[in-house]
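As written in Swiss-Prot, here are the features:
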| type | residues | note |
| --- | --- | --- |
| DOMAIN | 1-61 | domain 'TGS' |
| REGION | 243-534 | region 'Catalytic' |
| MOD_RES | LYS286 | N6-acetyllysine |
| BINDING | CYS334, HIS385, HIS511 | Zn(2+) binding site |
Amino acid sequence: MPVITLPDGSQRHYDHAVSPMDVALDIGPGLAKACIAGRVNGELVDACDLIENDAQLSIITAKDEDGLEIIRHSCAHLLGHAIKQLWPHTKMAIGPVIDNGFYYDVDLDRTLTQEDVEALEKRMHELAEKNYDVIKKKVSWHEARETFANRGESYKVSILDENIAHDDKPGLYFHEEYVDMCRGPHVPNMRFCHHFKLMKTAGAYWRGDSNNKMLQRIYGTAWADKKALNAYLQRLEEAAKRDHRKIGKQLDLYHMQEEAPGMVFWHNDGWTIFRELEVFVRSKLKEYQYQEVKGPFMMDRVLWEKTGHWDNYKDAMFTTSSENREYCIKPMNCPGHVQIFNQGLKSYRDLPLRMAEFGSCHRNEPSGSLHGLMRVRGFTQDDAHIFCTEEQIRDEVNGCIRLVYDMYSTFGFEKIVVKLSTRPEKRIGSDEMWDRAEADLAVALEENNIPFEYQLGEGAFYGPKIEFTLYDCLDRAWQCGTVQLDFSLPSRLSASYVGEDNERKVPVMIHRAILGSMERFIGILTEEFAGFFPTWLAPVQVVIMNITDSQSEYVNELTQKLSNAGIRVKADLRNEKIGFKIREHTLRRVPYMLVCGDKEVESGKVAVRTRRGKDLGSMDVNEVIEKLQQEIRSRSLKQLEE
C-alpha cells in the first residue's frame, strides 16, 4: 500500500490507493479546497487519479504555475461547453493552452460577431458560477470514438484515428452534458474558472494546413483571481498604446503594403533609427574583435542541399531560376560565412575567427502570421559565426555572453532569462564531445554569474545552445539572443584548418545572434520606449523654433551650428503660434525643443524644453551642444536634468 512523501519530506501511510485530493483532505480542508491537481513523481495528474504505489506527491493549487495552466485549459473546455449550448451544431476541433490564456478552434456555420463573442462569454460565466464538478473517465479507444462519432464530432474522431493508439485509454472530461477529450489534468470543479475573458477571433486551418478547412479560432485569457485578470487587461491596454504599428505610423517611421507582404518600406526617420542601431552594433563588433563581411543574398540550390536546409527548410525558402539553375534566396547567413572561411588555407593560428554580417534574409512566413516589424518575410540579421577549436569554445562563449549583456544593458533591459538546451536523442557526435560542449556552455554562464535553467533534450541535433529571453517594461518575453554550437555544418561544407600536429581538422562553429533581427528589435524598442527613443536613437534630436520672423536668421545659424556638432536637428520657422509648434513636436517625441525669441537673440542663448514638458530654462548654446553631445555619445537613457 502506498507511502506518500510530501515536498517537506514528511510521509503519510495508507492501506489503500489514494488520490491527490484524498491526501489534500487528509492534510486539511483548506488544502483540499485549494487542490486543483497533483504532481506524482514529477508527472501532473488529476486530483481524482489514484496513486497505488509509493510516490512523491506535490499538491497543485492556483498559486502554482501548473495550477494556472490547468485553469486555462479547463476554461477552453468551458468555452466548448458554452458554445455547444448556444450553437449545438458546432464541431469542436482543438483547445490548447497558450501564453496567458487559451483558444479553441471550432467549425461553425456562421461567422462569429463581437456580439456573439460577448454572448459566449456571458454563457461561460453563467456555467462557471454553477460550480459544477468536472468528471473524468478513462475509456477505451473504441468507446471514445463511439462517443464522439455519436455526437457528430468529426474532428475529435479524426484525432483519435490519426493520433491516438488503439490500445490507449483516452481521458474524457464531462462538463454536465458536454464532453471533451484531453490528456489533462483539469480542474475538479468549475469554481476555479471564474476569472477569464474572451479576447478575439481569427481564422485557422485545421491542423495548420491551408489545404484543409478554415476554422474559427476563439482566443481567451484566464487567471487565478480577479486582481491578476485586471492587471493583465491593464497591461494589454498599455501595450495597445505602445503598439509599434500605431507609433510607427504616428512618427512616420515605416509602412507595409499589400504588394510586398512582410517587407518593410523604411521612411527617412525609421531608417535613421535603423542606421543608428547599425552604428551601435558595429562599435561593439570592433570592440569584441569581429570581422564584418557581406555575402550574396542568393545562392545555388545545390549549396542548400549540402547544408541540409533544402530537406528541412525548403517550404520557408523563396526560390528563383536563371539559365537552367535554381537559386534560393538565403533565409540565414551561416552557409555563406562558411564559404568565406573556406577561401584560402586556414591554420590553428588563424582561430578563433569571428565573422559578422548585417545579412539581408528572407523567409516565406505564412501571411496570417505576419505582424508589423515583429514577424516579417524580409529582415536583417545581426548574427555572427565564430570558427574555433574545441579548446577555444569556453572562451568564445564567454565573449558572446558578455557581448549580449553589454548590448542589452544599453537599452535598459535588465530582466533576462537564460536557458541551456542540451543533447536531443537524435544527434551527431560522441557523448564525450557533447559532455564537453555542454559543460563549456554551463561553465561560461557560471563564470559570468548568470543563473540559468536546463532545457533537457531541447538542443539541436548538431550542438547545444544558450537562449537569452529579455523582458520588457510590460513583462513581455522576447527571445532574441542565441549562442549555438554547431558540429555539423562546417563538416558538411568541407571547412577545415591545419592543426598544430599539421593535420587537417574541422573547426567548431558558433552561431551567435544578439538582437535577432534589426526589424524586430526596432519594433521591440518602439514599444519599450513608447516612441520616446533615447536621444542617441531619436530620428530628430532637436527642433529649434522661432516665435516671430525676426528670429529666423538666428534659428538658421543655430541649426547649422548644432548640425556641424553632429546633432540631428531641424528648424521650424513656420508662421504658427509657438504653443502649437511645441505641442506638435512633443507629439512627434522630439527629445529637445529650443525656443528662440527676441530675448534669446539678444543674449545669444536658447530656451530649452524637453518632450516630457520640462522647462530647463535659458541656456548658453555651447553648453547645450556640449551636454547633448555627452548624452548622445554615452548613449544615455536619460535626458538632461532627469
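Each Cβ is built from the backbone N, Cα and C atoms, and glycine gets one as well.
Shown on the structure are the features that Swiss-Prot records.
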residue : record              : DSSP (3 states)
LYS286  : N6-acetyllysine     : helix
CYS334  : Zn(2+) binding site : helix
HIS385  : Zn(2+) binding site : strand
HIS511  : Zn(2+) binding site : strand
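When the recorded positions LYS286, HIS511 are scored by other C-beta atoms within 10 Å, HIS511 scores highest. All chains included, 25 other C-beta atoms sit within 10 angstroms of the C-beta of CYS334 (Zn(2+) binding site). Checked against LYS286 (N6-acetyllysine), the binding-site residues CYS334, HIS385, HIS511 differ in C-alpha distance, with HIS385 being the nearest. Counting residues per DSSP class in helix, strand and coil order gives 14 helix, 22 strand, 25 coil for the domain 'TGS' (1-61).
Summary of the Zn(2+) site environment: with the site residues CYS334, HIS385, HIS511 set aside, the chain residues having Cβ atoms within 8 Å of the Cβ mean position are MET332, ASN333, HIS337, ASP383, ALA384, GLN484, ASP486, LEU489, MET509, ILE510, ARG512. The C-beta environment of HIS385 (Zn(2+) binding site), restricted to residues of the same chain at least 6 apart in sequence and closer than 8 Å, consists of ASN333, CYS334, HIS337, VAL338, ARG354, MET355, MET509, ILE510, HIS511, ARG512.
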